[in-house]
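Here's the structure we're looking at; comments come further down.
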Amino acid sequence: MTIPDGTALKGSRSPVCRPPARDAYSSLLARFPNEAFILLGTERERKSDLPPPRWEGPPDAGAQLRRQAFGRPCWPRPETAPQRAEIPPCLGPGPARGLAKTLWASLKRSAFPCGSSRRPLLVHLPLFRDLHATPEALPPHLPGLWGAGAPGGQGQHSGKMGALGRPRVILLTHLLVALELTCLFMRFSIMPYLTRRLGLDSVAFGYLQTAFGVLQLLGGPVFGRFADQRGARAAFTLSFLASSAFYLILAAACSPALPGVALLYVSPLPAALMHALPAAQMVITDLSAPEERQAALGRLGLCFGVGMISGSLLGGTLSAACGLRCPASVALVANLVAAVLSFTCIPISTKRVGTHAQAAPPGRAQASVFDLKAISRLLLRPGILPVFLVKVVSGFPSGLFMVMFSIISMDFFQLDAAQAGYLMSFFGVLQMVIQGLVIGWLSSHFSERALLQTSVLGFIMVGLAMAPMSSVFHFCLLMPGLVFSLCALNVVTDSMLTKAVSASDTGTMLGLCASVQPLTRTLGPTVGGLLYRSFGVPVFGHVQFATNVLVLLALWRQPLAQKPDKVW
């Protein structure tokens, strides 16, 4: 088709962006009413007369636009080609002007970085039916406009995200997770000694762990749904405020002037909302492509290792130097700082545009955060329940051992608080290296199914070698295999499960995944304490070996179906 020279939309300042005929627009908008398209070109393509430039968007829609709207490439004159991030004149003035400015700046930043020789010559958007276009009208595949579909008009935060930048949001997410995990392992290092100082035995310690696990088990899926509906900023802020309340109660329980036992039993109440790690996983999932998701989630292992190392060392060192109240007070201040950073720097939502619209059908009110039926229906979708069961069953025996490790380190290995902290630091170094580096490399060379089977096989070998364990040196030799199996199992299953659901449900799915560890902490103290008291440490190796042999046989007999990555 021929485009008359100088044709431009009403309100344009120049004919830099010239649209095709209105009938082509009408046909396209009737077929794709909620889509928008951007045409990108380069000076090199214009000079060499190459085929039309690439398309950002769904492949089928891009093909339709190429066939129906453009009979030939539409290049502007070189002297009028935009060379700086200015508003595309094809959008013209009006209510959508601010939105156009955000779109153009984001496009320049992500697709054409500074110093690049590739220069956009044509940026084309179809006409919006409503001139008062909202961010929800933009397509989900445009780079840099994360979260524009947040409920309640919160999509206007995209300018905030653009100011902070996607890499900085990801970096801040990793820092917040490292801070949260540091405080978590500080708590792990002092809790057994605090309960003993208050006169509680191992049974009472088990009750506390069980209460903490039950509340996190119940709160995980609900928190994930809250994160899907309210966004990353609200999820992070709520989690860190709940953690601050927990550490405030814990610090008060360390005071001799207060009823420490009563406060210790009250302290697990905020645990239902302490889910910073699932919130971070949701952010990483939303901001990464499906093919990169496994490596991106694996890099969170660096934060886990940093938190385990620093938390274990700080917990043991501060408690030995300043008393048990000092680590709890430091964790309280750290979580308050994290809450402020979350509220001021984390974007309102990291969901791609249009995902919130998928969550609530037209004409129907959005489901409640506490809609347990919607959460349970997510597990019953095809391909989800088998992977989730493998995640739960395969990792449960090693979870039992880790839940009882604080007791085992005191009674079986005869370690004090500082020595136990050093051992957990070694565990953290291994996890940081394996999950942050090794798993990412393996994911680019092997399939998810192969990595999952390898992790189960690793559990079998470690369980067999754990049965005759008699010293802490023996345990240190087994730790690399145990850490590899744990990391591979968690990263691969999280990646598979988030790929199996829509982008609007990733938070809920990760909340369900996060409930696996609380389930272990709920049953672990009772089951693990009974096994340890009756059979000793070798029983954990026997249980791990037998359980994972059954899981491996089930995987070989009925392999898990792998769905292709979705194109959003």
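Keep in mind that glycine also has a Cβ here, set from the backbone N, Cα and C atoms.
Residues annotated as region 'Disordered' in TrEMBL: 43-62.
Residues or ranges marked as domain 'Major facilitator superfamily (MFS) profile' in TrEMBL: 166-562.
Residues or ranges marked as transmembrane segment in TrEMBL: 169-190 (among others).
The transmembrane segment annotation in TrEMBL covers 202-223 (among others).
Under 8 Å from some Cβ of the transmembrane segment (235-258) lie the Cβ atoms of residues 176, 180, 183, 187, 194, 198, 223, 226-227, 264, 266-268, 270-276, 279-280, 282, 323-325, 328-329, 331-332, 335-336, 338-339, 342-343, 346, 507, all in the same chain and six or more residues away from its ends. Annotated transmembrane segment per TrEMBL: 235-258 (among others), in sequence order.
As annotated by TrEMBL, transmembrane segment applies to 264-284 (among others). Nonlocal intrachain contacts for the transmembrane segment (264-284), taken as residues 6+ away from its ends with a CB within less than 8 angstroms of a stretch CB, comprise 169-170, 173-174, 176-177, 180-181, 194-195, 198, 200, 208, 211-212, 215-216, 218-220, 222-224, 227-228, 232, 235-236, 238-243, 245-246, 249-250, 253, 293, 296-297, 299-300, 303, 338, 346, 350, 494, 506-507, 510-511, 513-514.
The transmembrane segment annotation in TrEMBL covers 296-316 (among others).
Annotation source TrEMBL lists transmembrane segment at 328-348 (among others).
The feature transmembrane segment is assigned by TrEMBL to 383-408 (among others).
Counting same-chain residues at least six beyond the ends of the transmembrane segment (420-443), those with a Cβ under 8 angstroms from any Cβ of the stretch are 185, 188-189, 294-295, 298-302, 304-309, 312-313, 315-317, 406, 409-410, 413, 451, 472, 476, 479-480, 483-484, 486-488, 491-492, 495. What TrEMBL lists as transmembrane segment is 420-443 (among others).
Positions annotated as transmembrane segment by TrEMBL: 450-466 (among others). Beyond the ends of the transmembrane segment (450-466), by six or more residues, the same chain brings 390, 394-395, 397-398, 401, 439, 442-443, 478, 481-482, 484-486, 488-489, 492-493, 496, 537-538, 540-549, 551-552, 555-556, 560 to within a C-beta distance below 8 angstroms of the stretch.
Residues 390, 393-394, 396-398, 400-401, 404, 452-453, 456-457, 459-460, 462-469, 528, 531-532 of the same chain lie 6 or more positions beyond the ends of the transmembrane segment (539-556) yet place their CB under 8 Å from a CB of it. Look at TrEMBL and you will find 539-556 (among others) tagged as transmembrane segment.
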Other parts of the chain folded back onto the transmembrane segment (202-223), taken as Cβ under 8 Å at six or more residues beyond its ends: 191-192, 195, 235, 238-239, 264-265, 267-269, 271-275, 278-279, 369-370, 372, 375, 403, 407, 508, 511-512, 514-515, 517-526, 529
